[in-house]
């Protein structure tokens, strides 16, 4: 029996931001036979337009339960996405940029883990990537492996031997690979959102790290970019 057959109908939680990476991660989970629930975090981010994109993507993926959880990380600040700090637009630079949100993926994965255990799901998918990315420390394979260990230690299901699997299927893909994977899965990349600093009329700015990586990914993949840039 194939792995997909074994997974048929088994529930997975998809951390869904509304971005291209999380959409493709969810598409891979669906292709593998999982029944999908999605968790989107409304953390009072600058680019709140991604929350509407998450709704569109969830519907396209056939998610049967989509929870949008409010969590005001602007109360902490410390990031261009949650504070009055300009979003860098000088290209992808070495080091960790100001768009890094302190401990964001640790927080989000912890919430997804709680959602998973509460609903009996044992699989969590997220779209982190450690190749074409902005250098965030919580996107690295070492972080995912460490959180996997934490999940098994810190939960009732984990200590009872049922365990969880943290899936990061895009971990070692380039942005071009991800764009091609979206096309292969039949996903409409145009419904996703990547920009950190949207224009007042609802366009991608075209200059932030996330826009640059997205645009380059489609170009390198030889695919038409459906994104509307300013």
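The backbone N, Cα and C atoms fix where each Cβ goes, glycine too.
As given in Swiss-Prot:
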type	residues	note
BINDING	16, 17, 18, 19, 20, 21, 22, 23, 24, 25, 26	ATP binding site
BINDING	195, 205, 208, 211	Zn(2+) binding site
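Recorded features from Swiss-Prot, shown on the structure.
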residue : record              : DSSP (3 states)
16      : ATP binding site    : coil
22      : ATP binding site    : helix
195     : Zn(2+) binding site : coil
205     : Zn(2+) binding site : coil
211     : Zn(2+) binding site : helix
Cβ neighbour count (within 10 Å, all chains shown) around residue 18 (ATP binding site): 23
Inter-residue C-alpha distance, residue 195 (Zn(2+) binding site) and residue 18 (ATP binding site) (nearest angstrom): 11
Minimum Cα separation from residue 16 (ATP binding site), reported as the residue among binding-site residues 205, 208, 211 that achieves it: 211
For residue 24 (ATP binding site): intrachain residues, at least 6 apart, with Cβ closer than 8 Å: 127, 169, 170, 178, 181, 182, 185, 187
Residue among binding-site residues 16, 20, 195, 205 with least C-beta crowding, 10 angstrom cut-off: 205
Neighbours of 16, 17, 18, 19, 20, 21, 22, 23, 24, 25, 26 excl. site residues, C-beta within 8 Å of centre, ATP: 57, 127, 192
Candidates 205, 208, 211 (binding-site residues) - the one closest to residue 26 (ATP binding site) by CA: 211
Closest of 18, 20, 22 to residue 211 (Zn(2+) binding site), Cα positions, binding-site residues only: 20
Packing count at residue 22 (ATP binding site) (other Cβ atoms within 10 Å of its Cβ): 25
Under 8 Å by Cβ from residue 208 (Zn(2+) binding site), same chain, sequence gap 6 or more: 87, 88, 89, 99, 195, 196, 197
